[in-house]
Amino acid sequence: MMMSRYGAKVMVTAGPRLFSSSAVSPNHLLNSRVPAREFSKMTFEKKKTEDNQSEKGSSGGKGDQGNKGEQLVVSYWGVKPMKITKDDGTEWKWSCFRPWETYKADLTIDLKKHHVPSTLPDKLAYWTVKSLRWPTDLFFQRRYGCRAMMLETVAAVPGMVGGMLVHCKSLRRFEQSGGWIKALLEEAENERMHLMTFMEVAKPNWYERALVIAVQGVFFNAYFLGYIISPKFAHRMVGYLEEEAIHSYTEFLKELDNGNIENVPAPAIAIDYWRLPADATLRDVVMVVRADEAHHRDVNHYASDIHYQGRELKEAPAPIGYH
């Protein structure tokens, strides 16, 4: 008896909607189950694109024609996009890095420093890097833009691998890292920004992209195992790798100065990341990238020396912010 009364009330309330000629939207049925208080927490922002601006003022057509070019951004979780501007008030257009992560490179750093290999691990690391240079020279020859792109895809791996392993070690041992997690990840991010810059200069071919995938897959796993076995060897090898990078960028500069490579305007991402002048050129970019590589050289040789002294990285303050 109670069920029949309940059913009658449902039919009286919902009957006209269920049996009306107009179709019932599945979204309508779904939304009808959500309490009103839940919808009160949702806010929607319409972000109009350039396509929508061109359609402004037009009317008619299909029902969704007016929404073409609009994107609904749900802010239910309270995550709102940050509105960031430059010092001159113009809009900051990069989401991969922020103004407080930019810097002016230290071009006064000594580019000629070299760690003379004396121990067997050092000699092994040194000749491993030297052996890797031969196929690189053979493949890229004097195409230094493509060479730089390839170099940065490899150079960005050690910092990430080292930072990840130090991070896991910190978790296992319930101890601080001395800031080395942050320092190594900063190195990896800085190297990645080098790649993002040279991607604007050298457009890689399909076979160069395939080579990057193959080399990165081999190098990542090899360096991962090498770091687990001997961190001092891994850091020393990266130090020598950075020394070779300095040499490559020095040759790059010679080609630019001799006119063999066009000194094109610097990419916009490089101007903002290194705080370069608006009229900066490719030569200016190579200069700051080479300085970064010199800093990475010093950091990795320093980390290897710490291990050679029988200490752990956490016992020495990490050079955070030392690009």
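For all residues, glycine too, the Cβ spot is worked out from N, Cα and C.
Copied from TrEMBL, the annotated features are:
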- Glu152, Glu191, His194, Glu293: Fe cation 1 binding site (BINDING)
- Glu191, Glu242, Glu293, His296: Fe cation 2 binding site (BINDING)
- 44-54: compositional bias 'Basic and acidic residues' (COMPBIAS)
- 44-68: region 'Disordered' (REGION)
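Looking at Glu293 (Fe cation 1 binding site) and Glu242 (Fe cation 2 binding site), their Cα atoms lie 6 Å from each other. The CA atom of Glu191 (Fe cation 1 binding site) is located 9 Å away from the CA atom of His296 (Fe cation 2 binding site). Taking the C-alpha positions, the distance from His296 (Fe cation 2 binding site) to Glu152 (Fe cation 1 binding site) comes to 12 Å.
Less than 8 angstroms from the CB of Glu242 (Fe cation 2 binding site) sit Ala155, Glu293, Ala294, His296, Arg297, Asn300, each of them six or more residues away in the same chain. Of the chain residues outside the Fe cation 2 site list Glu191, Glu242, Glu293, His296, Ala155, Glu187, Asn190, Val238, Leu241, Ala245, Asp292, Ala294, His295, Arg297 have their Cβ within 8 Å of the site's Cβ mean position. Neighbouring residues of the recorded Fe cation 1 site, listed in sequence order and excluding Glu152, Glu191, His194, Glu293, comprise Ala148, Leu151, Ala155, Ala156, Asn190, Arg192, Met193, Leu195, Ala245, Val289, Asp292, His296 (Cβ within 8 Å of the Cβ centroid).
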